[in-house]
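**Q** I'd like to ask some things about the structure below.
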Amino acid sequence: MRPAFAVGLVFAGCCSNVIFLELLARKHPGCGNIVTFAQFLFIAVEGFLFEADLGRKRPAIPIRYYAVMVTMFFTVSVVNNYALNLNIAMPLHMIFRSGSLIANMILGIIILKKRYSIFKYTSIALVSVGIFICTFMSAKQVTSQSSSSENDGFQAFLRWLLGIGALTFALLMSARMGIFQETLYKQFGKHSKEALFYNHALPLPGFIFLASDIYDHAVLFNKSELYQVPFIGVTVPIMWFYLLMNVITQYVCIRGVFILTTECASLTVTLVVTLRKFVSLIFSILYFQNPFTLWHWLGTLFVFVGTLMYTEVWNNLGTTKSQLQEDKKN
């Protein structure tokens, strides 16, 4: 029952989170910092109450290691959200972040000296081609949409290029953080809830450097149209409602993934998360009418087929089927 419940949390939380993030970004594309701050603050407070026991519980992993991890995690979160302010459409944002397998493989080869099978190299090649197709077609759209003025079009393209650079940097940094986290878990044991708390609590002072931007967007949120919250009847500015729902769904999403990692194999987790990204992508395209050509669909297909190939899902499904048949015989 718990795995099914976790899958429900992942789909409900993560897909809803993408919806509210896009609602926020469409109205105020530069609101990434206030969104990140709200998410970090909510999870840090929840973790302080229930995981850290109001600060009385000593961490299993020394704080100095968390400091390194937190620096990377904070950077990845801020850069990913800020990329939405650089002409990066939400579908491209989701597709690009699906390229984490590429970054993990590259850094695994360089840092951990890992070697992979031809099958895995082929799957990564598919993911790379898919991301390249989507990125290239999005570049053409940015150029054509801004062609009214040659100077404006060039500036829009430069902003988009900076956004791609930001996403690439965040992708590599996230992969490096994953490797660092993996080595910590091998040394000290797996403490996912503790890591979740410290990853969100320790970076909070860093938001001081973003305080002016956060305050500016808080003022803009206050000026948004009023919205009556269903069932409660309270009237609030609609942007604050979107932000609250984004924070809550983000927490539900993270909790769902956490339960899934403790209840299911890593293959199952990867498949659920990949499928969730695909559903979010389809909904974003259809509901928000984001521009998506046949080439984008082809690139998306390459990304998800490559991801499934990397997890060797077909081999594992075949193994599971033969095990079930063997159990029936016995």
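Quick reminder: no glycine exception, Cβ is built from N, Cα and C everywhere.
According to TrEMBL, the record shows the following:
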{"type": "TRANSMEM", "residues": "32-51", "note": "transmembrane segment"}
{"type": "TRANSMEM", "residues": "63-83", "note": "transmembrane segment"}
{"type": "TRANSMEM", "residues": "95-112", "note": "transmembrane segment"}
{"type": "TRANSMEM", "residues": "119-138", "note": "transmembrane segment"}
{"type": "TRANSMEM", "residues": "158-175", "note": "transmembrane segment"}
{"type": "TRANSMEM", "residues": "196-215", "note": "transmembrane segment"}
{"type": "TRANSMEM", "residues": "227-245", "note": "transmembrane segment"}
{"type": "TRANSMEM", "residues": "257-288", "note": "transmembrane segment"}
{"type": "TRANSMEM", "residues": "294-313", "note": "transmembrane segment"}
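Help me understand the surroundings of these features in the structure.
**A** Panel annotation: around the transmembrane segment (63-83), residues 30, 32-33, 35-36, 39-40, 93, 97, 163, 166-167, 169-170, 173-174, 176-177, 180-181, 184, 195, 198-199, 202-203, 206, 210 of the same chain, lying at least six beyond its termini, place a Cβ under 8 Å from a Cβ of the stretch.
Residues 89, 91-92, 95-96, 98-99, 101-102, 105, 160, 164, 293, 295-296, 298-307, 309-310, 312 of the same chain lie 6+ residues outside the transmembrane segment (119-138) yet bring a C-beta within less than 8 angstroms of a C-beta in it.
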**Q** For the transmembrane segment (95-112), which stretch among 32-51, 158-175, 196-215, 227-245 has the most Cβ pairs under 8 A?
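**A** Highest pair count goes to 158-175.
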**Q** Mind checking which residues of the chain, 6+ beyond the ends of the transmembrane segment (196-215), have their Cβ under 8 Å from one of its Cβ atoms?
**A** 30, 33-34, 37, 39-41, 43-44, 47-48, 51-52, 59, 63, 66-67, 69-71, 73-74, 78, 254, 258
